[in-house]
Amino acid sequence: MFTLAEVASLNDIQPTYRILKPWWDVFMDYLAVVMLMVAIFAGTMQLTKDQVVCLPVLQSTVNSKAQPGTSGKADFTTVETTTGQGEEASMRTFSFGSAPTVTPDVPLSRATSSQYEPTESGQELKKEQKDSSGRKTNLDFQQYVFINQMCYHLALPWYSKYFPYLVLIHTIILIVSSNFWFKYPKTCSKIEHFVSILGKCFESPWTTKALSETACEDSEENKQRLTGAQSLPKYVSTSSDEGSPSASTPMITKSGFKFSADKPMIEVPSVTILDKKDGEQAKALFEKVRKFRAHVEDSDLIYKLYVGQTVIKTVKFIFILGYTANFVNTISFEHICNPKVEHLIGYTQFECTHNMAYMLKKLLISYISLICVYGFICLYTLFWLFRIPLKEYSFEKVREESSFSDIPDVKNDFAFLLHMVDQYDQLYSKRFGVFLSEVSENKLREISLNHEWTFEKLRQHVSRNAQDKQELHLFMLSGVPDAVFDLTDLDVLKLELIPEAKIPAKISQMTNLQELHLCHCPAKVEQTAFSFLRDHLRCLHVKFTDVAEIPAWVYLLKNLRELYLIGNLNSENNKMIGLESLRELRHLKILHVKSNLTKIPPNITDVAPHLTKLVIHNDGTKLVVLNSLKKMTNVAELELQNCELERIPHAIFSLSNLQELDLKSNIIRTIEEIISFQHLKRLTCLKLWHNKIVNIPSSITHIKNLESLYLSNNKLESLPAAVFSLQKLRCLDVSYNSIALIPVEIGLLQNLQHFHITGNKVDILPKQLFKCVKLRTLSLGQNCITSIPDKVSQLLQLTHLELKGNCLDRLPATLGQCQLLRKSGLVVEDHLFDALPSEVKEVLNQDTSIPFANGI
């Protein structure tokens, strides 16, 4: 038999799950417990007291009463009680005629056959009784026990015998059906996770803080108090979302919320102060809620399982009620038993009494009453399940009562769980909704951010960049800390991967700020902040994934000098880009576009008259249409890098003011068009590096004003004499080609200061090279050079000499006569440097600062 504790474990639901059990589930659980007690009580009584008592039906006695004078024979019974030592009283029964004679002192066969023997006189009977002897066996008692047991199974209805066990089985099935959705693996994991998150959201200090503040913000009384807040400005903090603050309402950096001005200061800490640990827990809750919602909203398994188990309980109720009602009347006190054991007992019919019938019938009626109540509750549950769409849940009331108007509606299992929670307490879902709001999350981030990034910590992150400007780089933060805008001496501000960046009016304090970087950071600015940026910002870098991420206010910065756009600007998205608004950038001088353009956007020509430098870096996308370049007559520097250009674009030859041209990383093979550069009188720098140029045409001599020529990383095999006719050439870079010989005409370049021929096949250095006495940089590494002439000492202005990667066995001692050359500028193998004379090494190891300064 089950113990109560063992059966109760079937209904053992964790206390935390009670918030998912509506009143009908709780009520049905109690009903199930009562039914379980009925089953156990009935079963216990049946095991201890259940029995039937049967007596034979004497047919002859009935006949004699019906006809008392028809027979001369009289049936009588003589009862003699004998008491022996240690024995019970026994009863002897004698019958006459058809009545049985039972004598416990003789065997059963004799007692059974005595009914067929003729009767004797009373004297003979007394004599026989007196003379009889034998062992007492109580067979009459055993006969009645035998009949009782047989009639218990034959005469008693089966429902009277098995009713307690059926009730127990039915109750266990109902209990299992009620709580199956808490046990099924695919649902219990979601339910357990939901209950855990819900409890944490309910108890989180951030929930209380957010709801308290929004209630304070939305109350009419608070709005009236805020109207008169100017008399007590020190209690008021203005959020960046509300526009620029007035001079009399300074911002509180630790919070972005508004508070009533005429509230006592005692009440403020309970709302504004949020412990750092609590803030971190709240941030973790936002992430958990977001992931849980994405995981649960995609299915409705919990809803279907709950509906299914409710339907099963309803069907079970109908089944139990249907068959139980038919067996109520079968439980009775009296029963007629007709066992086929006449040869053993001598009787054919017995009348039996069931001593538990009355109690079992009462228990059965109680059970039917309970099951009826249980069934009506199941029907109500089905009505509730189908009355409203439980797979949709709206936070409309929460949105109306708070400022979190962005709380989204949810669906499927997530919605069903919230509906179940509402049956327990609607406050749970209201507090849970706080963690579905992005506005709430942003406010939490703002508080946590300001708590973590104090002014002192930000000051430690300020550094000096290459231009010797104070620079602050903020990376992957939840927002821009308020303390940033207290760094009034900052020159450069870099914001990277900050999706919720907001620039408040406090930026107007940063009077030195002239350069701003927005890397995947679509920052929002207040009106006052925009006015400041429009008047003071000079350089802006915007890096984005999609063109829509570029803030609209970028195109309205009238005093902007430099604009860098890095992101996807292909032809399909060009219509989305606000480059037509670039016409407002009247002072723009430098436009840098790093993208995948197939043509130069025509809208760029709107700012063409102002541009002096245009840079287009493609990612390998072929730049086809370049006609717009003709309108950029004032462009002095033009870079078209990685644009898959096969030839020098003809549109470039119209840029009369062009001074520097960079066509790096294209697929240019021939530069015969270079003769047209003679019309570009101001061209001084030509960069054709990282292409596939095979030879240099002699027409290069027509670019007489050329000062820098970069032809590295091409396929040149020789240098034509025409290159050395460019008398103004100061920098020549032909590194990483296949050049085997340096022409002697190189001595004609008297103004040459930088010569790079690293990574070629040069084996001999001509003496004429050392006539270029103005050389400062000489890169000869990774060639086949076997010796360095002593005439290297003529290069008195040499500061950098690269010789590493050649076939040298020694260095000339005359290197010590190169006054500006030091060890840091000498790139050679260590063993070659160690082989130099000690006095030469001593000269090369001298301090470089003073001689270098004098040389300059």
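Glycine is treated like the rest: Cβ placed from N, Cα and C.
Per TrEMBL, these features apply:
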- 1-382: domain 'LRRC8 pannexin-like TM region' (DOMAIN)
- 27-47: transmembrane segment (TRANSMEM)
- 63-87: region 'Disordered' (REGION)
- 77-87: compositional bias 'Low complexity' (COMPBIAS)
- 108-134: region 'Disordered' (REGION)
- 110-122: compositional bias 'Polar residues' (COMPBIAS)
- 123-134: compositional bias 'Basic and acidic residues' (COMPBIAS)
- 162-182: transmembrane segment (TRANSMEM)
- 364-386: transmembrane segment (TRANSMEM)
- 678-757: domain 'Disease resistance R13L4/SHOC-2-like LRR' (DOMAIN)
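Listed by sequence, the residues of this chain that lie at least six past the ends of the transmembrane segment (364-386) yet keep a Cβ under 8 A from its Cβ atoms are 24-25, 27-28, 31-32, 34-35, 38, 163, 167, 170, 174, 306-307, 310-311, 313-314, 317-318, 320-321, 324-325, 327-328, 331. As a whole-number mean, the pLDDT of the domain 'LRRC8 pannexin-like TM region' (1-382) in this prediction is 65. Break the domain 'Disease resistance R13L4/SHOC-2-like LRR' (678-757) down by DSSP state and the numbers are 17 helix, 12 strand, 51 coil. Remote same-chain residues near the transmembrane segment (162-182) are listed as 2, 7, 10-11, 13, 17, 20, 25, 28-29, 32, 35-36, 38-40, 42-43, 46, 188, 191, 302, 305-306, 309, 312-313, 316, 320, 327, 331, 360, 363-364, 367, 371, 374 (criterion: CB distance under 8 Å, separation of at least six residues from the stretch ends).
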